[in-house]
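Accompanying notes for the structure given below.
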């Protein structure tokens, strides 16, 4: 929407009739960019009113500025009320009351607000019969109208909170097993920390996939769980484990970041089909070209892998997958002996899954890249 | 005769008696439908739109003058606030700032003024707006001149269409 300051105040102006404004537009044109809005314009129009000769014969003739009907054309038998609602002069001075009321309702819409004259800015003074019932109902209507967005927002946030809390409770039950889970979620232990902590579980899980949360995640469990819950013990209690996991995550990501270039280098050298044929001088160039090609590949892959849906879904499914892996681990008698607590088996299972997944995706990437490099366009062997 | 027709006839008479030099033509497209109008505005002399004749398609709603008319360019116009393909015009007086004090003629004049005082912060043609916003006046002016020559100057436009 362009509301040009130079354009706006031109035609519906308080003083000159439209035809005059139109013909004087050219005078404005040269200085169109230098006219400051509103204030100075009014003075200018006042000058115009004096200097411009009155070509219309409408001097005393009443002409409705809305429907353009003049008083002398009016059917005498019809009783039409003329009003002069604002300080406008000349062609904008008079209007039919009916026309003006229609325009006012058009401007107001469903809610009763003040309507200003489009030219002089005078607020139309409107008389209407009011009574107490109407006033009360209008007040109620307006209050409801203004409260609706906030209530909607509150409702949506509540729904989000409830869903997050439920997910948190589900995650606790799956990870800790029914016995420990019942204990943690029991009424005796349920306090404000639970109210805050449970909905933070899904948020924390999603954040754990974003590097942006690196700074916040390691501190969050300490703040939410509080000192009473965290006891140094071996094997670590669930609370301590939750506090340690973000640090383990940082460490793990760090390890990947260190070994990743190294893996890349292997990937580049093994399928040597690419550079093998090339002779001495060109090898350097080929290597550079190969490197660039790789960088492009990496970019292409990382964008493809990291789309939002997969990220959210993957992180929210982690508790379920961990518990499945934990159950599988529990079916091996040796592991069952070494790690008797199902919670620890689930955590181990989850970690195992993450490592397996990352290794698999690295292998997948490397193979895709190698395949890309071996690509050739086959010659057409027909006629 | 209903109010819309009466007012439109008055507007037509006002225009015929005292036409604004920039509005070269303004008339209903046919005698039996007063709600569809056609206008031609001339590009201001001494501006980058000089020599151009720009056709406007005007659709008047039944609730006129309470509601604004719908006005758009018919040919191609290169301007930050005009859609290059549809000819749609982004001008507040055709939407929220409308008042019955405007007429079809004054609206056309306002569109003529808009041509030479563009508002690049609410663009419908981002390419033209970006040229203006980064201050490339030479690029903007020559682009507008080229499109005016190509599509809005009657003689060249005729040559263009006959050769293609």
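Don't overthink the numbers, they just go from 1 along the chain as shown.
Even glycines carry a Cβ here, placed using N, Cα and C.
Heads up, TrEMBL stuff is auto-annotated, nobody curated it.
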Among ranges A:287-306, A:347-366, whichever one TrEMBL labels transmembrane segment: A:347-366
Cβ-Cβ under 8 Å with the transmembrane segment (A:311-335): same-chain residues at least 6 beyond its ends: 167, 170-171, 174-175, 202, 205-206, 208-210, 342, 345-350, 352-353
Number of helical, extended and coil residues in the domain 'RING-CH-type' (A:56-127), per DSSP: 18 helix, 8 strand, 46 coil
Segment confidence, the domain 'RING-CH-type' (A:56-127), expressed as mean pLDDT: 80
